[in-house]
Each structure stands twice: as C-alpha cells, then as structure tokens.
Ligand SMILES: NC(=O)C1=CN([C@@H]2O[C@H](COP(=O)(O)OP(=O)(O)OC[C@H]3O[C@@H](n4cnc5c(N)ncnc54)[C@H](O)[C@@H]3O)[C@@H](O)[C@H]2O)C=CC1
Ligand SMILES: CC(=O)[C@](C)(O)C(=O)O
Ligand SMILES: [Mg+2]
Ligand SMILES: [Mg+2]
C-alpha cells in the first residue's frame, strides 16, 4: 500500500487471491463488466458461477467461454460471494427476486457501482458483508488489460463488514480481476457514485462526445469535408488521449507541434470556459441531491422514452455514418471481427 496520497491505494502485494479459495463467486450478468470479471476471476483460479436469465442471449457467450451458467437465484444459492453486474436499473428487482431470498449470513454482496446502495434502492440485510470493487474502465478493457498482463485501476469500498474480513476478500477479488496491478483506491459508496456519475456525464461520455460533435459540425458547416472533420475531431482524439494516458497532458503537449501547443493553450479555455464549469457544478449538484437518479429511475419506469429518442438521434448523427465508412477503408479493417464492445452490447441488450 502506498501512503503518498490522501487515500489508501492497494497493489498486488497487498492482496491474496487464495483468500477466495473456499468461496464460490456468483457473477450476476455477463455484459461489459460481468464477462470481464467472470473470466478474469476464472483465469485467476477463483471458482465462478455466472447467473443469467434462462432466455438471456449472454448465456451462449458465457458457456462458450467455458463458464458454468445458471439462473441468478441458483447462482446466489451456490455462492458465498455475489457480484452484482446486471444493469443498475434492474438491480433492485434482481435483488428482491433472486438475491435476497438466497443470501446467507456471512455472504458477501458486492457491486461495481454504488448507485443502488447509496440511493437506497437496495437495503442489504444485516449479517452479510457489502462491498464494492469498481473498475475505472469499460468492461471489455478490464478483460483486455488482464489478458495483456496489465490492469485497470479500481475503487474499493466497504459498506458493511459483518465478518470482519470484508476488505481482505474484496481486495482478493480486486486482485483476481487485475485491478491491483494498477492500483485499488479505497473510497466510499457515496464518493464512488457521485464521482463516477459526474465523470461519465461531464467528461468521459457526455462532455467529450458533445465536444467532438460540435467540432465536427463547426468544420462541416464551414464547408470542410466530413472526412477531414471526422479524422480531425474524432479519430485523432484517441491518438491525443493515448499520449495523455501514458504521460499526462504534458506528454501530449510535448508531442504535438509548438503551433498546436500555443493554439491549444491560448484558445482551449475560450472553448471550455467558466460557463462550462458552472454547468459542471450544476450537473454535480443534481447528482448529489439525488435528482439525476430519481430522473433515471422514472425514465426506466416509463419505458425509456427519452433514452431511446436520444440514442436514436445519436445513431443518426452524420459522424456515425461517415466514421463507419471511413473505418471500413482502413487497411486492417478486413481483419476485424465483431468488436468486444459490440458483442458486450448485444449481451447487454438481452
Ligand atoms: N459498463 C462499464 O464499463 C461499467 C459498468 N459498471 C457497473 O457494472 C454494473 C453492470 O453494468 P454493465 O456491465 O455495463 O452491464 P451490461 O448492460 O453491459 O450487462 C448487463 C448484463 O446483465 C444481464 N441482465 C440484464 N437484465 C438482467 C436481469 N433482469 N436479470 C439477470 N441478468 C440480467 C444482461 O444479459 C447482461 O449480461 C453496473 O452497476 C454498472 O454501473 C461499473 C464500471 C464500468
Ligand atoms: C466505463 C465506466 O467507468 C462508466 C462510464 O462509469 C460506466 O460505464 O458506467
Ligand atoms: Mg466509471
Ligand atoms: Mg459509471
């Protein structure tokens, strides 16, 4: 563990996967996170059973991957460690119908996102440990990094420690899925939920795609070709962010031209200005006061009308078609099979 920072960060040497030797881990769900956790745990020598509905399209993938698959209720009844990796919006229902009836004293109930616990959608019983191991990465990269002998940073939180060794078991789990290779930061359910919801809304998913689309539209509306706009504002973003990922903003600044560096440093704050920060603070407030979660729960209860409409509009944005056609022309495109994300998306939709 390092104490260089304000939080405790744990690494492989701080955890022992053999802690789980006598445990059976039920992984409920086999989508983005579920398939990664189940396969990484399995490859780390942990006894895993996957819990999926009888009609789930994910079943064939999990069985083809050599994993034992059963229903969520049966998986929980077999397990002493339950990892809830179904969508946030169905967790309360799965908990009520499959988990709670089969949970036993001394079991671990674990999440990869704290929303349902923090916003009181699930009230766990006394007598069980309630933990969180939350990878800071999309699931298919949690798997890819593990297979490449790398890892993804993760957050670890203990909501309830009845047995006295909740943290030891959660750390063993985090190591088994590869997070301790990169660092496991101790936090709380509240801090994980609020920072994760904010990050995905304001920066990683919402903010960045809005920036890309506005940049694309500004160029195309000014008469530049869609192909140039796509390569400039979307494709090259990965290459830029790769440098930031490897060595911080300065590695990127050191690699781009002086012209780009001067232009970026002088104009960047005009594009993402104080008004954007005010909007960020407003979005964070909606997360902290529960407004976002209430809205998301009501949206699902209504059958996702806005979600479906927004997703359709996103799919129909010109940049999607231009990008798909350009990616097909990449010299290596013929080698591509269905991407992991696409296969995880299929699994998630069932
Ligand atoms: N997607 C990501 O990369 C990340 C997700 N998380 C968290 O991980 C958890 C799982 O999310 P994802 O992996 O994105 O889910 P997903 O949508 O990719 O996959 C959901 C899986 O659950 C199954 N499923 C759906 N409804 C079900 C039901 N009623 N009963 C049983 N199985 C059902 C689906 O067949 C699928 O296998 C969530 O709490 C999420 O917030 C945390 C970090 C990152
Ligand atoms: C991949 C991830 O960390 C997210 C954006 O928080 C999520 O998928 O919920
Ligand atoms: Mg996240
Ligand atoms: Mg998230």
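Note that Cβ sites are derived from N, Cα and C of the backbone, with glycine treated the same way.
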Residue among 139, 151, 154 sharing the NADP(+) site, where TrEMBL lists 30, 31, 32, 33, 53, 56, 58 as binders: 139
Binding-site residues near ligand 1 among 196, 232, 257 (Cβ under 6 Å): none
Residue 53 (NADP(+) binding site) in three-state DSSP notation: coil
For the domain 'KARI C-terminal knotted' (188-333), residues assigned helix / strand / coil by DSSP: 126 helix, 0 strand, 20 coil
Spatial neighbours of residue 33 (NADP(+) binding site) that are distant in sequence (at least 6 apart) but have CB under 8 A: 85, 112, 135, 139, 142
Rounded distance in angstrom between the Cα atoms of residue 232 (Mg(2+) 2 binding site) and residue 257 (substrate binding site): 15
Candidates near ligand 3 among the binding-site residues 32, 58, 196, judged by a Cβ under 6 angstroms: 196
Separation of alpha carbons, residue 113 (active site) and residue 196 (Mg(2+) 2 binding site) (Å): 8
